[in-house]
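Asker: I grabbed these lines from TrEMBL:
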TRANSMEM  C:12-31  transmembrane segment
DOMAIN    C:21-178  domain 'Tripartite ATP-independent periplasmic transporters DctQ component'
TRANSMEM  C:43-64  transmembrane segment
TRANSMEM  C:97-119  transmembrane segment
TRANSMEM  C:152-170  transmembrane segment
Ligand code: NA
Ligand code: NA
């Protein structure tokens, strides 16, 4: 019989961590289902663009995606915006307690009424802040035009720092930074480096204040109609490629940070504990401000999964 | 095979004279309904999201700005300024026409608009001054092409959109070729005028020149608003387009006062319908290029080409011939939107720089605008001079050959296009 | 149908004007709020304009969809008419009628597909839940990221604009059938040329 075709569309280059992980999934899935499934990976938005892939998935025009977690707010599952909250994870350990634990699973389950089956979380990494000047204290952000992706939480975060958030597509950011349309931005090191933004930013601070990640999702009807054994094979493939994705994302970010340092074009600053405390304090109100929007229960469940104490 | 079906269908539909946009859309629909299992709902989605990109929004803004400039007395003052500077040389008003077109091109994004703006003022004046009609028509119709090569340029925006290239880098890359073509066109104008002993203007005094400059300075400042704004980082290209529309409105209505407030709704309506037409083509072209990608056509063409061992030189000749042929029958935006997604992957596979390739395509589009039977600049020039299309075709020949020579130069000397953006650190 | 013509014209002109103003204000705001103006800066920073780009895009897409319909009435859509013009009158008539029918067919198809998209993308849920009915097979549609408007409302431009465009094609078809006339936008037409004053060159040689 003809193999079942899975169109897996994403919006980044094939040699990025997500791109590589998607290719890995393709290889593993085809192997584990013994060819019962054929995965066609479409990188670089060749099939669907950022703005239309979600609707395309809901309509069944594409079977799998790995959108950024920020895409789920507009889908109506605002709970996912919890991942955007500044300083909610102290590191990968905290994060994986959520994404690989019950809280993560319950969040993915909330996608089902939207016709979306959540399969896994893939890391990109923790973000650094960059600009044309040193960023140490919260006051340093006052009046800066900071590029963000569309997100009410990130908007609130930049406002809490006194900055002027500018929503701008990722593709336009390099030029906007270069010419000075915006002053700074926030990115995981790998994005900073691969987009060459370090060439046009004098300073970056390893704040690790926020997390950027993806969820791998499938069309719910399609997924549930798959034969049991095929789905089992795909689940296994997904699990292995998730480990692969997270591992290379981490490596890639570490490498990128070193490469940025080595380039000498951006001065990398690691904040002291006191400076981080000051930033956390300045950004703590964002958690309360967004509680109504995201859902207090969701934020609390993340707190308790990671042992985070908002009063500290 | 698939490619053949798709293009045959498209060609057949287009030959009925239906709008290019509808022909593109119908081709996609026919194909999707009969040969693929892509849900057709995604087509409706793409009809919205196809133009849901902030970069594309530069187009309506540039059109609006252009209309304010055309009706707002800016062109007239630029013509005066250009005449005072070069009118006394051989070629007189003709040479002034080339310079005025270049100046107007630096504030407007469209070629026909440049022909209209400069030609409607200068052509009657040239005839009155004793130039043969053919000479004037040739100068203006060809120099109008500068409108899309000298930034800003709507056609460049379309190329950037179709290929995901940087609008800013393309704009900057157009500067040197634009100036060079101005020199080329000026040269042939000068040569022909000298040979034909056409009239020259008396040399203007520096006082007169200064006055002419002063009169046109508000229009010239727009160059700084647009290009300066983009390169100092005050605006993104789209924002610069919007700001230039506001600026052009202010100078047309409040400074030069050649346009009154009651004219504004008409200018808005004309700009909106012209923009809507272009956006509608873009939408359907996006749909068409989605179909091509979905069928893997550009990729397989690119790999076929590498397998054939086709080199850069042969490829570029083929591209130029193809585009010049297309330029005979279609207008620039449709050509750009249909061909860029197909040719671009091949060009990249051969190692041609995306920005250089964009400039090559733009120069081809310029030439297409003065070749019959479909040549927008010819139509405009014929509207002004009341000359027939065949007479005009003959009239533009010297400039056409000059532009073909220029095209060869641009095609095989990438540095003409790439030098400036590289120096400015944009590549 | 005068009112419809008029509405169409006012709508697309207003959308273009509105988009221009929105971007102008957003740019001015971006720079003004970067200036150290004390309390006034805080006031400016408290104004949220991050939705400006999104709004501009929505305004222009609506302008494009309805403007395309206006364009049919004006004959502004460019086509390749070289071959048609060289045909015998009879053949030309047939070809033109085919082309117009194709236009009407395509736009009707898009109107139907677009309605279907809008319906499944959240309109069904909105309508059914407003009527207090079972929403079961439908889900609440997404919103736009910045303005958080329902995307189905935004996407309405596709079916509405296309339906209007289809109507325009049919109008043109009927007129052509009866009179043999097509609306023709002369891209070479130069407006205001007749009233162009003789421009003052430096000095005209006799
Ligand atoms: Na231009
Ligand atoms: Na032509």
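Note: Cβ is positioned from N, Cα and C throughout, glycine not excepted.
Are these features on the surface or tucked inside, and what touches them?
Answerer: Long-range Cβ contacts of the transmembrane segment (C:12-31) within its own chain (Cβ-Cβ under 8 Å, at least 6 residues beyond either end) map to 44, 47, 49, 52-53, 55-56, 59-60, 62-63, 66-67, 70.
Sequence-distant contacts of the transmembrane segment (C:152-170), counting only residues of its own chain at least 6 positions beyond either end whose CB sits under 8 Å from a CB of the stretch, comprise 8, 58, 61-62, 64-66, 68-70, 72-73, 100, 103-104, 107-108, 110-112, 114-115, 117-119, 121-123, 126, 141, 144.
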Asker: Where else in the chain does the transmembrane segment (C:43-64) make close Cβ contacts, counting only residues six or more beyond its ends and a cut-off under 8 Å?
Answerer: 11-12, 15-16, 18-19, 22-23, 25-26, 29-30, 32-33, 37, 144-147, 149, 154, 157, 161
Asker: How about long-range neighbours of the transmembrane segment (C:97-119): same chain, 6 or more residues beyond its ends, C-beta under 8 Å?
Answerer: 72, 79, 84, 152, 155-156, 158-159, 162-163, 165-166, 169-170, 172-173, 176-177
Asker: Note the mean pLDDT of the domain 'Tripartite ATP-independent periplasmic transporters DctQ component' (C:21-178), expressed as a whole number.
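Answerer: Taking every residue in the domain 'Tripartite ATP-independent periplasmic transporters DctQ component' (C:21-178) and averaging pLDDT yields 89.
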